[in-house]
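Undergrad: Residues or ranges marked as domain 'G-protein coupled receptors family 1 profile' in TrEMBL: 41-290. Among the features that TrEMBL reports, transmembrane segment is placed at 26-51, 58-78, 98-120, 132-158, 197-226, 238-260, 272-292.
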Amino acid sequence: MEWANETLVTEFVFLGFSSLAGLQRLLFAVFLLVYLFMLGTNAIIVSTIVLDRALHTPMYFFLGVLSCSETCYTFVIVPKMLVDLLAQKKTISFLGCAIQMFSFLFLICSHSFLLAAMGYDRYVAICDPLRYTVLMGFGVCVGLVAAACACGFSISLVTTSMIFHLPFHSSNQLHHFFCDVSPVLKLASHHSYLNQLVIFVLGVFVLVIPLLLILVSYVLIISAILKIPSSVGRHKAFSTCASHLIVVTVHYGCASFIYLRPKSNYSSSQDTLISVSYTILTPLFNPMIYSLRNKEFKSALQRAMIHTSYSIN
């Protein structure tokens, strides 16, 4: 696949934060602190889940995979963004841009399907608790994660291939801070309606179908919760789903705004702001939402800290 022979553009220039030239060092410091805190928080969550046997359940297995997924897709974008905030020339090679887009799409698409798998896990736990251990065995959980990754890989491969087979003869100035679909597609010398339609359909498949599955799961979950006679039981059942609902709302809200609106409504400044939220802020808040709202996890974390302190002493 000789992309370099098919285009005059050999590199792209990021202009995502060009309007904030005087604040870029401050943004670097803020984003670096947030990124390091996010990495530390996710590392604590994953290590606690691995070390504490009480958390060896499907819900925490998916939470651990979710934390790893968020760490990986921020790694694809944030380190390069931090370097560019201090650099005079904010460029990326044509091939590097394709690799970054593929990696990001693979991880973010897998993330969407993973959230759907977590919704199914909550559905089984509340609506069919007696068969929960059978229906959500380790093999099933691994299979759901593998299916999410396979779907993400296929969609990212098709989308990236379609975009980077287009000719790029004009501007190489990318009004974004990473190689996302809309800003790169906007630079193509010409792109057919069919290409846009296929990419839009893939976006619908990634966002709408998992979201519909989650909504169906929660309709059944809410129906089951309302049948629980005690208010304490209803509150406990709903609290196990609240964190997942918050994460789903933020993820699908941001992603739908970026990928499912008409391209005539494309706004580079709006996309940059929303992209910052789901590449930096959302991965920061998601682990905190899951851990701080969960008494079981907080107890496991305290046990892990006590065990670690005893081991050190």
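Yeah, the Cβs are placed from backbone N, Cα and C, and that goes for glycine too.
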Undergrad: Using a Cβ cut-off under 8 Å, which residues of the same chain at least 6 positions beyond either end of the transmembrane segment (58-78) come close to it?
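TA: For the transmembrane segment (58-78), the list is 31, 35, 38-39, 42, 45-46, 49-50, 100, 103-104, 107-108, 110-111, 114-115, 117-118, 121-122, 125, 136, 138, 141, 145, 177-178, 240, 279-280, 282-283, 286-287, 290, 297.
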Undergrad: For the domain 'G-protein coupled receptors family 1 profile' (41-290), report the average pLDDT of the model, please.
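TA: In the predicted model, the domain 'G-protein coupled receptors family 1 profile' (41-290) has a mean pLDDT of 84.
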